[in-house]
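Here is the structure we will look at.
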């Protein structure tokens, strides 16, 4: 339990990301002010305080590791932090920018930048846990501020944070949201996606796009059969799977298979 | 004594008015988000008049019914479950006093007298199962009881079945028999209203009704027969508990493993499933806590997490657990099967897994695989060639 003689210290670090997860934290409003009364927030660039080298009890990390400088900075944070909690898809799975892992990113750099030799880029955009030990991973694009707060409360009180691993469907049903797949035939990744968001998209009559990462037992093959039945072409299935959490293994494996089918098919057409 | 009266269609709004005057919040079916759901009913105008449903495995669509009736549909995604066993509620809160001691406070539910219009026979059968579990045990659930005892139920005899309905196979419908206060039989020009309880009779007496004709009664009977005749899904003959016990090792589980999403939708729409999980919330200073329960599914890995281990960690074990419990060990536990034949698990499974078909397959002896002996000896349980599942010994334990 973190009940030292001093107030608990918190830092929120940013790596390759859009800042959206920091904003989700900021958008908490009043609870964040209450938090600031009981802890010292030493580093949180979006909110104001900047002291990246502070020793802290909880370091929240947004963003993926993209450069060698990122990796070095991250190792330092690990040394100075008691608990490391990743927040969001980038920090937890490499993020949208990890789509470059699936492409010839060197060719992109050559094509875009006037002086490509100045670009220090690692081969892949990787999740934080690939570089350092992580104590807890929170998914989402962006992360759910309430969930971050709940985890903070649990860690400060010294008990294991509760993170719901049920599929989005479970949360839809708890909220009595009508299933968009069954009642409308809308493609939805909810059955293979972990809850945490509060099932926001189906409540707004749209399908889930899996921003909270794969459910623990995601049966992506079975869901893909459903997507095929909705008339979705193979390339779109691949795109849906290789999206925000494209590096999460169940999505990556299945997405690559669907990509391979597209390539196979277009190759077949060329020869015919 | 059975009291039957005829309520003309233009007098139907008076049923809602009398219920409201008697102090009830009235809940009824209405169209929302492309489905018929139960919610607060502002007036009869909100009822799904002229709307029907088309259902199949993984399929639910609304369509025009070309009739002026209010109840010309089979069922929607909800039954009574969300009203009695609510999806999420705080059970108690605690506070740390200045001297460091804890004080606990119960959080009783805010239950109000609630009348529900449009309840079906299958829903009432499911309610009886929940009553047995939540009310009639050694420790009745105060939250369930508060809501349950506040219910006034206006049931409807079904005049049509969806393709997913199979209440005739479980013996729970389509005729309303038990657990309601009033039962309606809908005709084009009005309703045969039958009172089943004292308060039902009292309410019926306040309505402007006429004597019911033999023709009207015949028409309700004919509609019930038609609804029953429309059902084509069946359950395997013989004892399902015995047959499922014999099918603990069966290649069909592997087939289900390939199709099942483990999303838990079947359990959430099932009117008798009542698995739950408990979650604590904490104030930032750690001095106040809330303890809530929420719907959980046996398909979630968290559900069977015990002391560092997930029991039934594999996907097919989860489906097997649900199916063998619902149709097998439930009988041992509650004296009847846990299925009331509403068909919701078939319609609301996104990939259309059909319990009646799965049971039929599981109750067939599996064809021996090439080069295999046909017997399914437990000693060979680890042999995946027979479609076995790791950890099979857990089946049926709860």
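Every residue number used here counts from 1 along the chain in the order it is shown.
Glycine too: its Cβ is placed from the backbone N, Cα and C atoms.
If you look up TrEMBL, you'll see B:249-281, B:330-358 marked as domain '4Fe-4S ferredoxin-type'. Taken from TrEMBL, the feature region 'Disordered' covers B:366-398.
Long-range neighbours of the domain '4Fe-4S ferredoxin-type' (B:330-358) within the same chain, counting only residues 6 or more positions beyond its ends whose Cβ lies under 8 Å from a Cβ of the stretch, are 55-60, 74-75, 77, 79, 120, 122-123, 125-126, 129, 132-133, 162, 164-170, 172-173, 233-235, 240-241, 252, 256, 259-261, 263, 265-273, 323.
Helix, strand and coil counts under DSSP for the domain '4Fe-4S ferredoxin-type' (B:330-358) come to 13 helix, 0 strand, 16 coil.
Across the domain '4Fe-4S ferredoxin-type' (B:249-281), DSSP classifies residues as 13 helix, 6 strand, 14 coil. Per-residue confidence over the domain '4Fe-4S ferredoxin-type' (B:249-281) averages 95 (mean pLDDT, predicted model).
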